[in-house]
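Asks: Below you will find the structure I want to go over with you.
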Amino acid sequence: MYQRALLFSALLSVSRAQQAGTAQEEVHPSLTWQRCEASGSCTEVAGSVVLDSNWRWTHSVDGYTNCYTGNEWDATLCPDNESCAQNCAVDGADYEATYGITSNGDSLTLKFVTGSNVGSRVYLMEDDETYQMFDLLNNEFTFDVDVSNLPCGLNGALYFTSMDADGGLSKYEGNTAGAKYGTGYCDSQCPRDIKFINGLGNVEGWEPSDSDANAGVGGMGTCCPEMDIWEANSISTAYTPHPCDSVEQTMCEGDSCGGTYSDDRYGGTCDPDGCDFNSYRMGNTSFYGPGAIIDTSSKFTVVTQFIADGGSLSEIKRFYVQNGEVIPNSESNISGVEGNSITSEFCTAQKTAFGDEDIFAQHGGLSAMGDAASAMVLILSIWDDHHSSMMWLDSSYPTDADPSQPGVARGTCEQGAGDPDVVESEHADASVTFSNIKFGPIGSTF
C-alpha cells in the first residue's frame, strides 16, 4: 500500500507534527464540479482531489528508511508518538500507477486493487492547500455514479465529515503537510487506524491487524460528525447521518473512542451506527440492484437534499434520476415506520422497530447533525471491510440474527461473500466512478 521511492527527503524543523517529504512532487488530479444557483444556472468550478495521508509512503525526513512497513512502525524512528512526528514525513503520490486513481474532466475513477495497494480515499480541494468546504443546510448535493463494477463486500462511498479545512496545519506548529498531503481525517467511528493524529504519530499502543497486512489500531482515535451521502455497491446502498457531541474534530484515547475499533462500541462521543436508510433493509427488496427500479448495471444520478426548519436540519431527502426519469426514494415497508426520507420521527420509529439502541438520539440526532453541516469536507473512497465484511450494508447482519426479523436483512449477498481475502483476490479489478458533481440550493441541480 505504501509507495517506496528512492529520492532524497529534506530535513524539516518541527517540534511535533506530521511532515511533508520531497521525494516525489505532489500533483493533485484535477476534478471539475458545478456550483448552482436557485435560478438553475450552474457554474463550473476547477477543483482537484488529494489522497489521504494514511495511504502515503511514510519515511525518515533525512533519508529513505520506511517509518512504517506493512502494518508495523520502525522502532528506531518511532519509539513514541512525538519522536515519530519529528522523524517521519509523508510524501507525494503517483495517483494512477500506485493507487489506481484517475480523473477526466468531471469524472473520478477509483480502482480497488493496484499492485499491492488496496482501496483509496481522496478529498475534494478548493486549492492546493485547502479542502473545499460545504454548507449543506437548505442545499442539495447531486452526482452521477457507476457501481456496476462493485460486487458484494465492496463500498464505493461518497460522504462528508467535519475535518479542518487545512488538514490541521494551523493547529500544530511546524506541520508542513496539511491538506496538501491529505492530513486530518476524522469520522464518527473515531478511527484508531490513522497513523498521525493531531500532529502526533499514533505509535504508542499500536497493535498490527491480524487480518489486514497494511493496517493496525493505535492508542489514539480521531472523531467528528459524518454525513454518509452514499455507501454502496451494485447490490445495496444506504445514506446515514452520524452526529457527535462536538461539531469539530477531536482526539480520543483507547476504548473511550468507541466505534468499530474499540471494545466498547458506544463508549465514545460519536454515533457509530447513525440513522440509516437502506431500501432493502426498509423492506423494499426490488428497488435497488441489477435490473431493479434503480438499475445498478448502468450509471444513474443521486440527489440528496438537506431541508432545514428554522435553521435546524429537519429532513434529508433522496431522489434518483435514471434514463431521464426522476425516481423518489423508496417508501418504508416496515410496520410502524413510515416515510421515504430521514427525519427524527423516522429514526425513532426505525430504532424501535429494529430493536436497536437509539445512540443516534443520545448524540443529538438530526439537530446535532445539522449543527455540524455548515462546514464539511467531501470524501470519496473505495474500500473493503476487515471488521464485518460489509455485511452491515449488503447481507444479513448481525450474523447470528434471524434474517426474517425486521432490520436484519440488508441485501442479497451471502454471508462471507465480502470477506477481504475473497474480494481482494477475486475482484481486484473492481472500481467505482463518480462524476457530474453539482451543489446548490434545493431544486437547482437536477
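Just so you know, glycine gets a Cβ as well, placed from its N, Cα and C.
Below, the features straight out of Swiss-Prot:
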ACT_SITE  GLU226  active site, nucleophile
ACT_SITE  GLU231  active site, proton donor
CARBOHYD  ASN81  N-linked glycosylation site
CARBOHYD  ASN284  N-linked glycosylation site
CARBOHYD  ASN333  N-linked glycosylation site
REGION    399-420  region 'Disordered'
SIGNAL    1-17  signal peptide
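Show me how these features fit into the structure around them.
Replies: The C-beta environment of GLU226 (active site, nucleophile), restricted to residues of the same chain at least 6 apart in sequence and closer than 8 Å, consists of TYR159, PHE160, THR161, SER162, ASP187, SER188, GLN189, PRO241, HIS242, CYS270, GLY274. A strand conformation is recorded for GLU226 (active site, nucleophile) in the three-state DSSP classification.
When secondary structure is read from DSSP and collapsed to three states, GLU231 (active site, proton donor) falls in the strand class.
Other Cβ atoms within 10 Å of the Cβ of ASN81 (N-linked glycosylation site), summed over all protein chains shown, number 23. A helical conformation is recorded for ASN81 (N-linked glycosylation site) in the three-state DSSP classification.
Cβ neighbours of ASN284 (N-linked glycosylation site) (same chain, under 8 Å, six or more residues apart in sequence): SER330, GLU331, SER332, ASN333.
According to DSSP, ASN333 (N-linked glycosylation site) sits in a coil region rather than a helix or strand. Other C-beta atoms found within 10 angstroms of the C-beta of ASN333 (N-linked glycosylation site) number 13, with every protein chain shown included.
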Asks: Return one of helix, strand or coil for ASN284 (N-linked glycosylation site), based on DSSP.
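Replies: DSSP call for ASN284 (N-linked glycosylation site): coil, neither helix nor strand.
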Asks: Could you tell me the C-alpha distance between ASN81 (N-linked glycosylation site) and GLU231 (active site, proton donor) in angstrom, no decimals?
Replies: 33
Asks: How many neighbouring Cβ atoms, not counting its own, are there within 10 Å of the Cβ of GLU231 (active site, proton donor)?
Replies: 23
Asks: Write out how many residues of the region 'Disordered' (399-420) are helix, how many strand and how many coil, based on DSSP.
Replies: 1 helix, 1 strand, 20 coil
